[in-house]
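Trainee: The feature K(+) binding site is assigned by Swiss-Prot to V339, A340, V342, E344, E796, E821. Annotated compositional bias 'Basic residues' per Swiss-Prot: 26-39, in sequence order. Annotation comment: Swiss-Prot describes Y7, Y10 as phosphotyrosine. According to Swiss-Prot, the feature phosphoserine maps to S27, S462, S600, S839, S953. Annotated region 'Disordered' per Swiss-Prot: 14-41, in sequence order. Per Swiss-Prot, the feature topological domain 'Cytoplasmic' maps to 1-97, 163-298, 349-782, 834-853, 949-962, 1018-1034. The topological domain 'Lumenal' annotation in Swiss-Prot covers 119-141, 319-330, 803-812, 877-928, 982-996. Taken from Swiss-Prot, the feature transmembrane segment covers 98-118, 142-162, 299-318, 331-348, 783-802, 813-833, 854-876, 929-948, 963-981, 997-1017.
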Amino acid sequence: MGKAENYELYSVELGSGPGGDMTAKMSKKKAGGGGGKKKEKLENMKKEMEINDHQLSVSELEQKYQTSATKGLKASLAAELLLRDGPNALRPPRGTPEYVKFARQLAGGLQCLMWVAAAICLIAFAIQASEGDLTTDDNLYLAVALIAVVVVTGCFGYYQEFKSTNIIASFKNLVPQQATVIRDGDKFQINADQLVVGDLVEMKGGDRVPADIRILSAQGCKVDNSSLTGESEPQTRSPECTHESPLETRNIAFFSTMCLEGTAQGLVVSTGDRTIIGRIASLASGVENEKTPIAIEIEHFVDIIAGLAILFGATFFVVAMCIGYTFLRAMVFFMAIVVAYVPEGLLATVTVCLSLTAKRLASKNCVVKNLEAVETLGSTSVICSDKTGTLTQNRMTVSHLWFDNHIHTADTTEDQSGQTFDQSSETWRALCRVLTLCNRAAFKSGQDAVPVPKRIVIGDASETALLKFSELTLGNAMGYRDRFPKVCEIPFNSINKFQLSIHTLEDPRDSRHLLVMKGAPERVLERCSSILIKGQELPLDEQWREAFQTAYLSLGGLGERVLGFCQLYLNEKDYPPGYAFDVEAMNFPSSGLCFAGLVSMIDPPRATVPDAVLKCRTAGIRVIMVTGDHPITAKAIAASVGIISEGSETVEDIAARLRMPVDQVNRKDARACVINGMQLKDMDPSELVEALRTHPEMVFARTSPQQKLVIVESCQRLGAIVAVTGDGVNDSPALKKADIGVAMGIAGSDAAKNAADMILLDDNFASIVTGVEQGRLIFDNLKKSIAYTLTKNIPELTPYLIYITVSVPLPLGCITILFIELCTDIFPSVSLAYEKAESDIMHLRPRNPKRDRLVNEPLAAYSYFQIGAIQSFAGFADYFTAMAQEGWFPLLCVGLRPQWEDHHLQDLQDSYGQEWTFGQRLYQQYTCYTVFFISIEMCQIADVLIRKTRRLSVFQQGFFRNKILVIAIVFQVCIGCFLCYCPGMPNIFNFMPIRFQWWLVPMPFGLLIFVYDEIRKLGVRCCPGSWWDQELYY
């Protein structure tokens, strides 16, 4: 969807500061006006942010919330607070009432035009009735039919939206189902939405934080704040107040973030919408929606149709007045012409075509909330994509290992058939032992039958990767750990940057202890004095330090997270069995260790992403990565998936290659650019726009979700149609601002899904590209359907024009037109939605919404004045043939209308002198209606065949590839036969049986249409860019 620029937004910008702490910045963005109430509300939000719970002592907290840090709240007080504050849940944005949704389906551009047409029919019926000139009820039937079409297609569109809403509602998983709470000294579990401020709660690894919580005690607690910052690095939570800002201190855990490991106990200080994330979620409501590109196209088309209808109607109203008709009669002509010009079947065609594409997308894991968003995807020229989980698998995986002075590629498949190193190596065994034992991650129980890569693990991303790799290589990592009981442990922290544990050995005859350590490679190496090479401990001299440094830089340059591992056997004399190891006193060595090797990990790209990015590139779509991750990692992933193409260099790459300072490099020489959040923060909007214009390949790293909004706005300033992916609550403003917001179905928050136009059920970037392809295809096919639908407007209109100007008996009635529009032609026009692409549409550039219109001048001119004109000649040839064979030669028909319609005249003579009563003349008139109807249908068969392609020959596309179209043509012919020859039709719908030869008259005209269009296409293919191409290619 396109989004309006008129909003005022108070934002909380979150990022990552030194030491992994969260930083916050409050700012107000303004684009256009904002109401006083909204401004006041935002100011109130700002005041509410000024909390001091993190700075209060435990006793002050107890007093403030009338609670106990050991026994929790009293149950009676908790019940009162629940009544006062309401449930602990994010209040969903105020939904649109169902009746409003349905009313919208009835009040679009085409719908309004059809309502007007129905009103005109009713007025015409009333005028005829008042004059006593009511020989048929055609206008009344037509009005009822038009209203029925609007209502039925409205119901269809509403049902599609309702069905998508139900799918989206099934994702309600942001709030945890259960929380462990202590009240009146008793510990029990309750639904998380029943928590109130002052509740004493407990969390453990694997739980979602159930509210904003002030930490009172913690043991190795780490949380994932990625829904706030976009960064997946775990954040430590502890009881100490480390910063005056509540958003930066470590003693506050935020609602809906994930507790990765460890345990914690704390007091609830905010619930529901009063939590930090609740306030951020409500800010997205400041961004308003506006029309989608397809809605603009349909409005443009309706303007053209309405303008032409009124022009033709007014012209012939004047002509009718000039040649002597009464005002009321001329007004009836005006209304009839307007109604004849309205393509009544087009609304159903557009709705069904979009619905079919939405259904097709749903089968490919894309749920479309708004039917019009289907086409918007096809117009997309820029995709701003997350990295984690969208471009990558959101599963940290061991990638490389360095031991015995060699870098090895890790095999993470179940069968281990691709392993490139000797698993019997003593060094490998030592490294594997260290990475298995020095690891706090654990598999959830009951997953023995689940493949290792898909098992759920309690622990942070890095330890999960190591545990799964150990499970794949050792076979039973948890059992292996049990053979080396842990007796002491120092958890990882950001100061030491290492994790250490001490274990007893599995051999009961060996009473030594094994000390193992992992952490930042440089920190681990500085604690080592030897290195393990081919099973032997060698002194860690300068040569081995250089080898380590080379390997470390090589792996780090790949954008991978690198960890170092070392070990030390503690002799039994100094550390006998039962020795009391003390982590506070550190009564064991932490230096003089033996370095075992390096292991690097990365969140690998999804297998389908490189091809998807390549498709985007060939389709002229720019893919921009926007991530909270480190610039090196972001750049490496961008290069591996093709966002940064092979051979492209950044300014830093050029400077390194030329060995010159970065500021001396001409930035325009760099095709690629990596901008981090700090740089983005210092750039003004014009600088960002210039960077986007200068560098075709862009990566934004260490960005906050709020900065994503700035990036989207800058792309839109360049005239791009922007699609944005997001999963966090703080992504919702960018999702709403984008022309089409794409939320993640698995990892996405409810706020993101509410703000988005489309949801990826598999969180896969390749699904977006599928959506783009389907969007482009439906635009092409809608163009074909509209061209097919518009063509018959001319043969439906010209009978009225000839009727008024030449005064022949009316060749075609309103009810007959209705059957063409809503019965026989609706199926062929819808069948074009199933047409395959003429060529690889993903090799074309995105359409320019200002230049490449759904209905352009060549389409209108070709449909109306060329193919439509041929159909009109066919209709009149058949009409005059039928009249002549019954005794009414063409010259006699001219000026015959007044006598023909005089129901008092019962002896009107034909060209042979035969006398006709009014009833006989009416029977012949209905026969002419049927003949003209059949003529249009025969020509429309040729028309639907030529509409299969706009450039290629139909022979190249294939006549029978689209089986739905073949069935539709057969159905069209069967309907025509049924209407002509079914008993009772003359009395019900004014259709008459006709002679066989009258079916044959329009066939040469149908052949002419086919040959004429093949010549047009040949010229378009042979002379690209010529006058012929510009004027005749639609």
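Cβ coordinates are placed from backbone N, Cα and C, and glycine is handled just like the others.
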Trainee: By Cβ distance under 8 Å, which residues at least 6 away from the ends of the topological domain 'Lumenal' (982-996) in the same chain are close to it?
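Mentor: Distal contacts: 136, 138, 813, 815-816, 819, 882, 885, 923, 926-927, 929-931, 933-934.
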Trainee: Quick check for me: are there 3+ Cβ pairs below 8 Å between the transmembrane segment (963-981) and the transmembrane segment (854-876), leaving out pairs under 6 residues apart?
Mentor: no
Trainee: Please give me the CB contact count at 10 A for V339 (K(+) binding site), counting all chains in the structure.
Mentor: 28
Trainee: Please determine whether the transmembrane segment (299-318) and the transmembrane segment (929-948) are in contact (criterion: at least three Cβ-Cβ distances under 8 Å, sequence separation 6 or more).
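Mentor: Between the transmembrane segment (299-318) and the transmembrane segment (929-948), contact is absent.
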Trainee: Out of 142-162, 331-348, 783-802, 929-948, 997-1017, which stretch touches the transmembrane segment (98-118) the most, going by CB pairs under 8 Å?
Mentor: 142-162
Trainee: Could you tell me how many residues in the topological domain 'Cytoplasmic' (834-853) are helical, how many are strand and how many are coil under DSSP?
Mentor: 4 helix, 0 strand, 16 coil
Trainee: Return the member of V339, A340, E796, E821 nearest to S462 (phosphoserine) in space, with distance defined Cα to Cα and candidates limited to these binding-site residues.
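Mentor: If we rank V339, A340, E796, E821 by Cα distance to S462 (phosphoserine), first place goes to E821.
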Trainee: Just counting, how many other CB atoms are there within 10 A of the CB of E796 (K(+) binding site)?
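Mentor: Result for E796 (K(+) binding site): 27 neighbouring Cβ atoms inside 10 Å.
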Trainee: Looking only at the recorded stretches 331-348, 929-948, 997-1017, which one has the largest tally of CB-CB distances under 8 Å to the transmembrane segment (813-833)?
Mentor: 929-948
Trainee: Which residue counts does DSSP give the topological domain 'Cytoplasmic' (949-962) for helix, strand and coil?
Mentor: 4 helix, 0 strand, 10 coil
Trainee: Count the Cβ atoms, other than its own, that fall within 10 Å of the Cβ of S462 (phosphoserine), considering every protein chain shown.
Mentor: 20
Trainee: What is the total of other Cβ atoms whose distance to the Cβ of E821 (K(+) binding site) is within 10 Å?
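Mentor: If we count other Cβ atoms within 10 Å of E821 (K(+) binding site), we arrive at 26.
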Trainee: Would you mind checking how many other C-beta atoms are within 10 angstroms of the C-beta on S839 (phosphoserine)?
Mentor: 12
Trainee: For V342 (K(+) binding site), what residues in its own chain, 6 or more apart in sequence, show a Cβ-Cβ distance under 8 Å?
Mentor: L113, M114, A117, I305, A309
Trainee: I need the CA-to-CA distance for V339 (K(+) binding site) versus S839 (phosphoserine), whole Å please.
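Mentor: Taking the Cα atoms only, V339 (K(+) binding site) lies 37 Å from S839 (phosphoserine).
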